[in-house]
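J.: My structure is below; once you've seen it, I'll send some questions.
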Amino acid sequence: MVVVGLGNPGPRYAFTRHNVGFLFLDFLKNKDWKTEKYFAWNKINLAGNEVALVKPLTYMNLSGLAMPHVLKFFSASLDDIIVVYDDVSLKLGKIRIRKKGSDGGHNGMKSIIQALGTQEIKRIRVGIGDKPEGMDLVDFVLGEFSDEEWIILNKVFEVMKEALEVILVEGIEKAMSIYNSLEVRV
């Protein structure tokens with residue numbers, strides 16, 4: 001399995017809502033990252049399986065540029081890939097696991113779908129909360145989580161780790177049936 005977390009590189013974006021994919025990978029393994037030309041990577045063991053963690057270093061809207069290099073580097077197929085990214089239409093505390101689908105308006109996922117030529121890419125969408133009325137979408141997704149939101153997000157990351165283990169052991173359908181209806185609260 002190759003878990004690709006989406007985000008933007010650099011300290012300016014490190015803790016923003018849009019970087020929830022990178023933040024989840026750091027939750028799983030926060031040191032000893034190695035860097036290739038188009039991505040940073042690491043490995044962990046989950047449910048007795050070696051799992052590669054990948055952060056494209058191309059900026060969010062160009063995430064697809066890294067994907068052919070990721071597939072080649074890890075000798076992976078499309079079926080091995082799970083993409084993790086933020087979803088402004090999902091409430092903070094919720095995740096959605098899917099086997100395939102459209103980009104849903106997310107430019108990072110749009111870039112990946114275009115680069116790989118298919119919508120049949122497994123993904124975990126992470127709710128980042130409701131944008132306050134009147135606030136610009138870009139300002140919201142590039143804003144940082146509050147202390148209270150971090151408490152929820154860390155619990156969400158625990159649930160996501162469990163979901164990855166279920167995907168590895170019992171399959172994505174089982175994970176969808178367990179986790180798509182859950183909501184993490186303080």
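Heads up, the Cβ atoms here are built off N, Cα and C, so glycines get one too.
Annotations for this protein, taken from Swiss-Prot, read as follows:
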ACT_SITE  H18  active site, proton acceptor
BINDING   Y13, Y59, N61, N107  tRNA binding site
SITE      N8  site 'Discriminates between blocked and unblocked aminoacyl-tRNA'
SITE      D86  site 'Stabilizes the basic form of H active site to accept a proton'
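Are these features on the surface or tucked inside, and what touches them?
T.: Sequence-distant neighbours of H18 (active site, proton acceptor): residues of the same chain at least 6 apart with a C-beta under 8 Å from its C-beta are G7, N8, M60, D86, I128, V141, L142.
Y13 (tRNA binding site) carries neither a helix nor a strand DSSP state and counts as coil. Cβ contacts within 10 Å of Y13 (tRNA binding site), excluding its own Cβ and spanning all protein chains shown: 18.
Of all Cβ atoms in the protein chains displayed, 22 besides its own lie within 10 Å of the Cβ of N8 (site 'Discriminates between blocked and unblocked aminoacyl-tRNA').
Secondary structure at D86 (site 'Stabilizes the basic form of H active site to accept a proton'), taken from DSSP and collapsed to helix, strand or coil, is strand.
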J.: Got a sec? Which of these recorded positions, D86, N107, has the most Cβ atoms within 10 Å?
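T.: The residue with the densest Cβ neighbourhood is D86.
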J.: Sorted by position, what residues of the same chain at least six away from Y59 (tRNA binding site) have a C-beta under 8 A from it?
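T.: The list for Y59 (tRNA binding site) reads N8, P9, given in order along the sequence.
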J.: Over all shown protein chains, what is the count of other CB atoms within 10 A of the CB belonging to N61 (tRNA binding site)?
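T.: N61 (tRNA binding site) is surrounded by 14 other Cβ atoms within 10 Å.
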J.: Compute the mean position of the Cβ atoms of Y13, Y59, N61, N107, which form the recorded tRNA site, and then list in sequence order the other residues of that chain whose Cβ is within 8 Å of it.
T.: N8, H18, M60, L62, S63, G108
